[in-house]
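J.: First the structure, then my questions, so here it is.
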Amino acid sequence: MTNETWVQVREGLLKRVGRNNFVTWIEPLRLMGLDEGVARFEVPTLFFGDWVQRNFADHIRMRLTEAGSPVERLEFAVSNTPRAPLKEVKAAAPAASPARARPAPPEEDLRGAPLDARFTFDSFVVGKPNELAHAAARRVAEGGPVTFNPLFLYGGVGLGKTHLMHAIAHDLQKRQPGARVLYLSAEQFMYRFVQALREREILGFKELFRSVDVLMVDDVQFIAGKDSTQEEFFHTFNALVDQNKQIVISADRAPGEIKDLEERIKSRLQCGLVVDLHPTDYELRLGILQQKADFYREQYRGLVIADGVLEFLAHRITTNVRVLEGALTRLFAFASLVGREITLDLAQDCLADILRASDRKVTIEEIQRKVAEHYNIRLSDMIGPKRLRTIARPRQVAMYLAKQLTPRSLPEIGRRFGGRDHTTIMHGVRKIEELMATDSQLADDLQLLRRLLQA
């Protein structure tokens, strides 16, 4: 197989997998040889080879076969030496250009995700569900001595995690213009890591990330299951902590609940301050709507919003803040276009689809299924007679959630739990209420299940 043939195979793969996948996962491959139905490739890391094997092996085999070089399997090996032309190899991609000596990371290399100018502390509405997270973020933004490291913010979609991280970055840049503050998503961290591997600039990557004063990584759950990225993240984390540099992390769940995240990383993340942004309550939703409405009154001068509309929306739209703000944006835009006052009737007509989605009722059957999945028990045990602690406690959790999240009466809930008496349901509900005060794991379980059911 000639170099020209491999170039043609690569061109076919580009069309098949798309440019982003090609640049990230196919372009770095170096075909070292093809013999007895086995294509051998050199890859930057074992993780890289495993990923290509799982996601692109079929495409590569198909293109090689079409080019007249049928293969049965692919093999990947990591080379610790710089790439150079190998005369003995039957087919080889053009050699990569040699790695360049890299100076200290310049300021322009410290580019992360763009910060949203709207996401400041002034625009963040504080209420009971997020007051601790807000206070902790304010403390970090003051830029004083590092008191907790990392600050770990977690919660469901649209509860303010990203807003607070942007606000911290904005404040730090104002207070300390010379500080090296880097904010980016975990996906961007992985992409830049893979890019550094591909370009043989991993030392520059390490130097860049370990030279920052504040590292902020959003949605860290993204790196779960990605072994090489987790390895680099772990060492970057340790290096910054050793230098007493501030780290701020966010995720959609607590560190201990992130599946496939290495235990040593979970342990590190739990060493600092872990703060939950709880689902919004009525008062917080109303405050957010009032702030947003004040902003729109400036934009749409002369537009009138009737009494009770904001209260109605705060009661009805309980999913997350993004949906809530989006509903108000649509309402003001619609009223402006048609030249009408924003009344309750107009809101109901204009937002009918959002209101219908928000009206989705949680059923007892859904609760039983989610709780059974969470505790890894059979669904039939929810209504069965078994009294083992490993079954009885999840059953009581489901009873408690049925009482909290559905309008069903205790006798009706009892019937859905295998015909149990209403006093049994009441006992289960009270037992969970008592345990919540002392059992933090149970409280976390309930918070997670509630979010899953109301998502």
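Here the Cβ of each residue, glycine as well, is placed from N, Cα and C on the backbone.
According to Swiss-Prot, the protein carries these features:
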{"type": "REGION", "residues": "1-70", "note": "region 'Domain I, interacts with DnaA modulators'"}
{"type": "REGION", "residues": "70-113", "note": "region 'Domain II'"}
{"type": "REGION", "residues": "87-109", "note": "region 'Disordered'"}
{"type": "COMPBIAS", "residues": "91-102", "note": "compositional bias 'Low complexity'"}
{"type": "REGION", "residues": "114-335", "note": "region 'Domain III, AAA+ region'"}
{"type": "BINDING", "residues": "Gly158, Gly160, Lys161, Thr162", "note": "ATP binding site"}
{"type": "REGION", "residues": "336-455", "note": "region 'Domain IV, binds dsDNA'"}
J.: What is the three-state DSSP composition of the region 'Domain I, interacts with DnaA modulators' (1-70), stated as helix, strand and coil residue counts?
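T.: Residue counts for the region 'Domain I, interacts with DnaA modulators' (1-70) by secondary structure: 44 helix, 12 strand, 14 coil.
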J.: Under a criterion of Cβ-Cβ distance under 8 Å and sequence separation of at least 6, what residues of the same chain contact Lys161 (ATP binding site)?
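T.: Listed in sequence order: Ala133, Leu153, Tyr154, Gly155, Asp218, Ser250, Leu277.
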J.: Rank the binding-site residues Gly158, Gly160 by how many other Cβ atoms lie within 10 Å of each Cβ and give me the one with the fewest.
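T.: Lowest Cβ count within 10 Å among the binding-site residues (Gly158, Gly160) is Gly158.
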J.: Averaged across the region 'Domain II' (70-113), what pLDDT does the model get? Just tell me the whole number, please.
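T.: Computed over the region 'Domain II' (70-113), the mean pLDDT is 52 on the 0 to 100 scale.
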J.: Suppose the ATP site is Gly158, Gly160, Lys161, Thr162. Which further residues of the same chain have a Cβ inside 8 angstroms of that site's Cβ centroid?
T.: Gly155, Val157, Leu159, His163, Leu164, Ser250, Leu277, Val321
J.: Test of understanding: give the count of other CB atoms lying within 10 angstroms of the CB of Thr162 (ATP binding site).
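T.: If we count other Cβ atoms within 10 Å of Thr162 (ATP binding site), we arrive at 18.
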J.: According to DSSP, which kind of secondary structure is Lys161 (ATP binding site) found in, if we only use helix, strand and coil?
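T.: Helix, per DSSP.
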J.: Run through the region 'Domain IV, binds dsDNA' (336-455) and tell me, per DSSP, how many residues are helix, strand and coil.
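T.: Split into helix, strand and coil, the region 'Domain IV, binds dsDNA' (336-455) gives 87 helix, 1 strand, 32 coil.
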